[in-house]
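Below is one structure, written out as structure tokens, with a few remarks after it.
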Amino acid sequence: MATIHVDGKALEVDGADNLLQACLSLGLDIPYFCWHPALGSVGACRQCAVKQYTDENDTRGRIVMSCMTPATDNTWISIEDDESKAFRASVVEWLMTNHPHDCPVCEEGGHCHLQDMTVMTGHNERRYRFTKRTHQNQELGPFIAHEMNRCIACYRCVRFYKDYAGGTDLGVYGAHDNVYFGRVEDGTLESEFSGNLTEVCPTGVFTDKTHSERYNRKWDMQFSPSICHGCSSGCNISPGERYGELRRIENRYNGSVNQYFLCDRGRFGYGYVNRTDRPRQPLLVDGQVKLSLDEALDKAADLLRGRNIVGIGSPRASLESNYALRELVGAEHFYSGIEAGELERVRLILKVLNDSPLPIPTLRDIEDHDAIFVLGEDLTQTAARMALGLRQAVKGKAEDMAAAMKVQPWLDAAVKNIGQHELNPLFIASLAETRLDDIAEECVHAAPDDLARIGFAVAHALDASAPAVEGLDSEALELAQRIADALLAAKRPLIISGSSLGSTALIEAAANIAKALKLRDKQGSISLIVPEANSMGLAMFGGDSVDAALQAVISGKADAIVVLENDLYRRVDAKIVDAALSAAKVVIVADHQKTPTSDRAHLVLPAASFAEGDGTLVSQEGRAQRFFQVFDPTYLDASILVHEGWRWLHALRATLLNKPVDWTQLDHVTEACAGSTAQLAGIVNAAPSASFRIKGLKLAREPLRYSGRTAMRANISVHEPRTSQDIDTAFSFSMEGYSGSAEPRQQVPFAWSPGWNSPQAWNKFQDEVGGHLRAGDPGTRLIESQGDGLSWFSSVPRAFSPERGTWQVVPFFHLFGSDETSSLAAPVQERIPQAYVAVAKSEADRLGVNDGALLSLSIGGETLTLPLRISEELGAGLVALPAGLPGIPPALFGKSVDGLQEAAQ
């Protein structure tokens, strides 16, 4: 710690910070543009000027840039000094000379860091009366709109896009006061994190194009704290609603998880909530008859009464909804909704993490590891936010080199200059090339079994008591030794694997490496990726596979199916699903999307999406987190009968048993769920209960300046009804209630503090800028390392050796396309590739075909005809298909192709 003196006051700060960060952490306001808590200091904008004095006797001082000046002990500065204030005002003025001053039509208005800083400096008069510099804007794809005339040349965009996120197609061109930030030519931004430009940019140069079509100012939207459902990472988001539609998603700061950034799937994949083909009323018999709520419950009870029911849950539904389904059908008749092989792998992951001697890192903690081995995962496609964390982890080498030279880590340009191209070691063992290969020390591409063999060999190289791998060639043995040496040389090694390739051996190999590292006294970590938002929660919760449920119906053991938020056709072979649905006398589906499964239902109950309901998810880290309802859809349209899955299913159970409804609010079902399973006991601590108040007030979902509430329903009736009442949570559907940053709280619907309207308002909620929330980060961990409970896994697979004329089908994952719900969003659909088949260059040469040629594949009697994509790194004997894309049956993965040839034209 250090003592600094600010305008005559002695204050304790972290001496490792710069003055800007230290003062912001104290709650003091200093305007800035180019600095960002995650990007460090470059001193480009000159906006954060303060007066620094030699000591208490110095009355003259000198102007310094606070972002470039360390907060050393006994530093004397003034923020309110007249010369400093005049300097800061002049900086804003010359930055604004070429700005169009188009706030009324700019989509950043009310959300704009430039507005905040201009007001903060007191600049309120334009003296420049000459021609302004102008630029041509670019078309940057379906996610980002571009308006270069608003640019103030802070360089944040390229520093994030290129330096932080590793993008290569956004740059800066020109010189002096005529620079251009964009692509070489029009085209879609290729980075999976391009959407963060909308928050990183302090002006309106890069804005959310998906929001443009239904635009509202930030102060006119209703928000809630929520959790991204796009993958298992558990990123925190702030969805914004107006007129019963989601309008945009912003990043919600969680110092342990996503911090300041989201991937583009999580930011732009919300469009499925607004689809017009969603079920919004109960639908009977092929969707031809709409029912009231009571009619639907009575009809469902009549259909199920006297039946042998199976309940099929879902890893994209909340724990509460899955628990309500289990209570409806009984524990012995509840099935997880996960395919058998996938369920085996997720259960194995849970066992490994429960028994592992190494802890599970948070997404933030991943950035602090200094040697990483990724085994079998294409992280950019399966856990993109973790991939972004790895990009920061490898840069730790440069920070270490800078520290040895007494250079602070926040001096971004100096650290890069010292580090040059030195990186911490990252080893990637994957099917084929990945988006992280550019920062990897070594990459190896092979079949899943061969990747697992390398993993087992690494464990044996770390500790000789680990099972050895028979028949491994010298090249693979040498690679395994190099990986082991790098992990041993590190202070904090990290092993990452997961379930995406359908291989239990990969997970077991990763577990062996973790055990071996602990035996060598290494303070490392292990992270294992599961496929969906609540896969980990379902593994803890229990329930057999969806395959077992369907077989129970086909065999006649059950004659009724209740499906919760699950499209069975995305899980198992369509023939098996067809057989089960045909055999069932009753099929009831509760879902928020129209799916092939709901099309076969006798009754569809309209379930709430994450925007219309509350619930709890468990991330791959084992962190239980609550998502909260953003809006009440019935307020604007009373005909909408959308409710959380748990509400429908509990009410159905009450109707069947002729009992009153016991769970009248979320806390009731959450507490019951927590009491049902030992490992889920902590979910009650994931968020405050409905009784939580600050100064006696509920928490406001709407900003204080929210306008038009009395007119929103005027087209329906001039009589304004009471606002919706939220009995489930501590939030109100109103601007009435507590908002702001003065009182610490974990669950923050939107970032705002007096004078701070942009995402930089998160500074006011943190214990220190870039740290954790003052009330603690949201969520509670359900898995913590309890010591070494693992035994060696000894089932080392044999080397991959396909029979001549056969190929193994393996999955290629896509950030845009492999996920079910985000793929229903129109902007995301523009980024989804056409279905294809990928083979190695050697295979294509043997077949005599070029990229784009149509290939015919025969797989177990089924024939697919798909365009060819040649993969330079895919191994011989493998055929890759894009997982989750239309026309690619999920049951094909892991099977053998027994016919591969150019299709007849």
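Along the chain as shown, the residues are counted starting at 1.
Placement of Cβ uses the backbone N, Cα and C atoms for every residue, glycine included.
Just so it is clear, the model here is predicted, and its values are computed rather than measured.
According to Swiss-Prot, the domain '2Fe-2S ferredoxin-type' annotation covers 1-83, on the basis of sequence analysis.
According to its DSSP assignment, C45 ([2Fe-2S] cluster binding site) is coil. Swiss-Prot lists C34, C45, C48, C67 with the feature [2Fe-2S] cluster binding site.
Look at Swiss-Prot and you will find 83-122 tagged as domain '4Fe-4S His(Cys)3-ligated-type', backed by sequence analysis. Listed by sequence, the residues of this chain that lie at least six past the ends of the domain '4Fe-4S His(Cys)3-ligated-type' (83-122) yet keep a Cβ under 8 A from its Cβ atoms are 29, 31-33, 45-51, 63, 128, 132-133, 145, 147, 149-150, 152-153, 177, 202-204, 207-208, 211-212, 215, 217-219, 755-760.
Residues annotated as [4Fe-4S] cluster 1 binding site in Swiss-Prot: H99, C103, C106, C112. Annotation for C112 ([4Fe-4S] cluster 1 binding site): spatial neighbours C103, C106, P202, T203, G204, N757, S758, criterion Cβ-Cβ under 8 Å with sequence separation of six or more.
Using a 10 Å radius centred on the Cβ of C151 ([4Fe-4S] cluster 2 binding site) and all shown protein chains, the other Cβ atoms total 26. Per Swiss-Prot, the feature [4Fe-4S] cluster 2 binding site maps to C151, C154, C157, C201.
Annotation comment: Swiss-Prot describes 221-277 as domain '4Fe-4S Mo/W bis-MGD-type', evidence class sequence analysis. Model confidence over the domain '4Fe-4S Mo/W bis-MGD-type' (221-277) is summarised by a mean pLDDT of 97.
According to Swiss-Prot, the [4Fe-4S] cluster 3 binding site annotation covers C228, C231, C235, C263. Less than 8 angstroms from the CB of C263 ([4Fe-4S] cluster 3 binding site) sit E192, F193, G195, G230, C235, A384, R385, L388, L815, each of them six or more residues away in the same chain. Look at C263 ([4Fe-4S] cluster 3 binding site): DSSP puts it in coil.
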Check your understanding: Which of the three DSSP-derived classes (helix, strand, coil) applies to C103 ([4Fe-4S] cluster 1 binding site)?
Key -> helix
Review point. Of C34, C45, H99, which binding-site residues come within 10 Å of C151 ([4Fe-4S] cluster 2 binding site), going by C-alpha to C-alpha distance?
Key: H99
Study note, to complete from the structure: Same-chain residues at least 6 positions away from C67 ([2Fe-2S] cluster binding site) with a Cβ under 8 Å from its Cβ, in sequence order, are N18, L19, L20, Q21, Y32, C34, W35, S41, G43, C48, W410
Study note, to complete from the structure: What DSSP reports for the domain '4Fe-4S Mo/W bis-MGD-type' (221-277) is 11 helix, 18 strand, 28 coil
Practice item. Around the recorded [2Fe-2S] cluster site, report the further residues of that chain (criterion: Cβ within 8 Å of the mean position of the Cβ atoms of C34, C45, C48, C67; site residues excluded), sequence-ordered. Key: L20, Y32, F33, W35, S41, V42, G43, A44, R46, Q47, M65, C154
Point to revise | CB-centroid shell, 8 A cutoff, [4Fe-4S] cluster 2 site C151, C154, C157, C201, site residues removed | key: I152, A153, Y155, R156, F181, V200, P202, T203, V205, F206
Exercise for review: Could you check the binding-site residues C48, C103, C154, C228, C235 and say which one's CB has the fewest neighbouring CB atoms inside 10 Å?
Suggested key: C103
Check your understanding: If we check Cα distances from C45 ([2Fe-2S] cluster binding site), which of the binding-site residues H99, C154, C157, C228, C231 wins as closest?
Key -> C154
Point to revise | Per-residue Cβ crowding (10 Å cut-off), top of binding-site residues C106, C157, C201, C231 | key: C231
Check your understanding: What Cα-Cα separation, expressed in whole Å, is found between C228 ([4Fe-4S] cluster 3 binding site) and H99 ([4Fe-4S] cluster 1 binding site)?
Key -> 35
